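Enquirer: Below is one structure. I have some questions about it.
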């Protein structure tokens, strides 16, 4: 296809402009906004939008302030056709198609559109038309070339046609009914069917379970019925057996009762025998006891007689001892009387001697006592003692000190006797040549006999000194007065006298104490009186000479000591005899009492025995024992007989069997009742289930499941079919596409050499996208290449495609303001490549920077004026027209 | 003395394999059949009806079925004797013991609950052998007449029961099998004069005076001669049996060998020619080998037919039909390039060449059919 010219009228800002294109390269340049892009756009819109279109793109190209519709006219040659296709939108919309070659045709309206498309489809691949256009701003995008049939044909698949695309579309559409397009997972419908099958299967199984459960209830109900019948039969036969057993048990009970009665009778007989034996034994014992006791009494009587003799001899011994003791006591009393008499006489004799000595001592003591009192009276008269004298002397001294102090303070007078005259100073005389010096305390009178008398008057002495002298003087006077002495000398004399009296007191006291010898005088006086009284008693008579008394006393004392000893031993003996006598007496008394008791007791027993014999004779008792013994034997025999009969009947196993049977019967009844209970329960459950109509529900569920299962199976079968078809055909298509890769790649590589002047290789994917570029052994992914390189490679893909496609089937390559990312050197090389492609393919380059394309070789150059109406169609660089 | 012997009404039965619209009609058809039996009674002046078991499809049915049954039974003006069978035994869930049944049972309906002779009309006794569980442990027919004396003079006795007879039973060890020789002896002894049984849905004469009347309406495609009742005229010295067809439904298996598109046309015409399609279920047993194109045509034919029949079980399960692509099928479509290669691949797989499972082969055949359709072979 070749575009001869495009005319735009009232198209965006363009009022009317026609651009004619070269068969080879046409470069259309002009500043921005002059409508370069409009040319490419107009070529698209005229083909895709009917004149009635109200699409946004048509609104966009309509002039704003004019009441006119945008209009495009294209003249193209494609295959054998040469046509003029004109379209005006919106205002007076119209479409016309004038076919000039190969034979004239004219179409308008829809017909025109349809015919134009027919012609295009007949002569070229519209996708190629779109693939070879580089729209403004999209220069980095790689074209989708893989599905271009012309390219496929050029690359070796001469059979590929559009029906393949339709087929693939249908297959893909069908595939997407069953599977998701990307992941190939079951579609929503498939999942829904699968879920429905599962859900319905579950529901069916649930209902089936319910149905089976209901049948199980029915079966169990029947089984329980059988069990009840079985139990009833068992119960009937058991009850029969039970009746027989109970009768036997009753009989055995009777037998056991008789045996128990016999037991009782035997026990009674045994008891009676025991009692008879006891009575007989008691009688025998009583007789024996009485005999034994009588013997004992006789024996004990003889012993008692012996005891009586013992008692009497003991009493005699005691009386003898008593007599001896009394005799000794009397003898001792006589000795004691003699001793008393002698000792009294001796005492009187000694008292007479003591009175004389004591009278002398009393007299001397009394004299000394009188002396003491006289001396003490004298001491009392003399007041001055040693202490008082010391005080006085001290006071005298104090006075002298005070006076000396006064003198020291007073004027002093010194009188020297001149010549031979003596001078009188007060009462003293100073011898001639001598001198006298004294203080003037009192008026001092100096006299020279006869010549002169001078009186020196003392000044007034200091008051405190005077007061001191006065006080000392007063104290001295006061003390003297108190001691009743005139002066110190008198005091000293008094003190001397007092000292002498004191010594006299001492002497007299010593004398008195010597006579008293520690006692008081009054005591001595009382003693004296007492002794004197004793002496006044009568002198004893008939006692011989007093100097023998003491010897006689000693002799008597000795004798008395012997008597005392003898008496003590006699008393001891007496005590012993008394005890022996008492003991013998007691022994005898108690033996006698015991014997008497024994006798009474024996008599009592004898009486009882007699009475008992009167009731039952000894012989009767013996006979009773014999009789009871026979009764016991008989009762034992009867009891043993009954026991044996009972043992033979084995009542225990009868009772056991009875118990067992009763238990079994109870068990059977329980079994029956349980079964009955369960049966009513099952009946209830069944009534409950009955209402559900399980069978109907199950039938419905099965029908539904059947239907959905069939649908699902059909679905799956179709899914398997389309999956297989899709897989196989996609694989084959990919293979086919992969086969195009090699020639396409080598074409790009070839063009790449022009561009890069070096060895370059690209890797191309089966869908004919450039995946990577390798230069100098370095491979870089397309996406990682620089913008400029991406742009160049994308263009190379298109160039390769344009180059490969059959010239007759080719479409113009349109570059709208592309290569903005490409540098100067590359632009130059690219110019060469474009020029080379331009030899076989129409190339239209739209740019605002014509400098970029100055190496396009021979090319038609059209410059669009800024808002100009006319088109300056001039000679471009290397333009050949 | 004439009466109508029937059985296996299977009231309440559905057929889950039928299509949605056909299913309720099929269910209704069983009640309609009962009403038609009443017509037969009138036409033949029969004096009573004996239904030999399986009157109801199940004891687990929704009890609404009782009202529907009574409604259908109102069409009779003679006694109708029902003998419980294995589908409706007198067990704890028995439909005959439900309140609705006992409360609503019309006077002329008699359920035989024991084997005591039941005087259905003067001079005629029916001895029933009812089932009381699904698995009886003995021959109930034999038990019913055990120890019985011959019928008194002037009394005709019919034994009515249910179950498989020894000469036809698939399981001779089943303790419940009805021993035919015992029945014959009973007949010979004059204890009974005829024996009728339910359970077998095809009308069958087991032996002289021993009959299966069969189901009055078909229930399964395996049944040989369903849809009948028997009008029996029995006397001590006579037994005449007339089979009367009253069934409206048909379950049919259609077998065809299909090897060409012409065969497909033959099948189409055969299906087209069948009567009462809405009451007919068809199971196709197809065999042969069809080309992809012919198979595509077959599918069209079956799609159309399935809309007419109550059931058309066409594909998948009962079909042994191979689909083999023929070059001619696809040549007209002019597939080229990768599409052609894909076609070759699928054809190879469809022929089972290489390592392919049956499922793969089937899928390949289906895929070819799809390819054929998408490439423009059909429509």
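Along the chain as shown, the residues are counted starting at 1.
Glycine too: its Cβ is placed from the backbone N, Cα and C atoms.
Heads up, TrEMBL stuff is auto-annotated, nobody curated it.
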Enquirer: Scan A:493-518, A:519-544, A:623-648, A:649-674 against TrEMBL and say which stretch is down as region 'Disordered'.
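Expert: Within the set A:493-518, A:519-544, A:623-648, A:649-674, TrEMBL attaches region 'Disordered' to A:493-518.
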Enquirer: With TrEMBL as the source, which of A:200-227, A:228-255, A:256-283, A:340-367 is set down as coiled coil?
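Expert: Here TrEMBL associates coiled coil with the stretch A:228-255.
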Enquirer: Can you say which of A:153-173, A:174-194, A:300-320 is given as region 'Disordered' in TrEMBL?
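Expert: From TrEMBL, the annotated region 'Disordered' range turns out to be A:300-320.
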Enquirer: Can you work out which residues elsewhere in the same chain, 6+ from the ends of the region 'Disordered' (A:493-518), have a Cβ less than 8 Å from its Cβ atoms?
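Expert: Long-range Cβ neighbours of the region 'Disordered' (A:493-518): 361-362, 364-365, 367-369, 371-372, 374-376, 378-379, 382-386, 388-389, 483, 485, 524.
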Enquirer: Can you work out the mean pLDDT of the predicted model over the coiled coil (A:658-725)?
Expert: 90
Enquirer: Hey, which bits of the same chain come close to the region 'Disordered' (A:300-320), Cβ under 8 Å, at least six residues off its ends?
Expert: 574, 577-578, 580-581, 583-585, 587-588, 591-592, 594-595, 598
Enquirer: Can you count helix, strand and coil residues in the domain 'Endonuclease GajA/Old nuclease/RecF-like AAA' (A:1-49) using DSSP?
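Expert: Once the DSSP states are binned, the domain 'Endonuclease GajA/Old nuclease/RecF-like AAA' (A:1-49) shows 13 helix, 22 strand, 14 coil.
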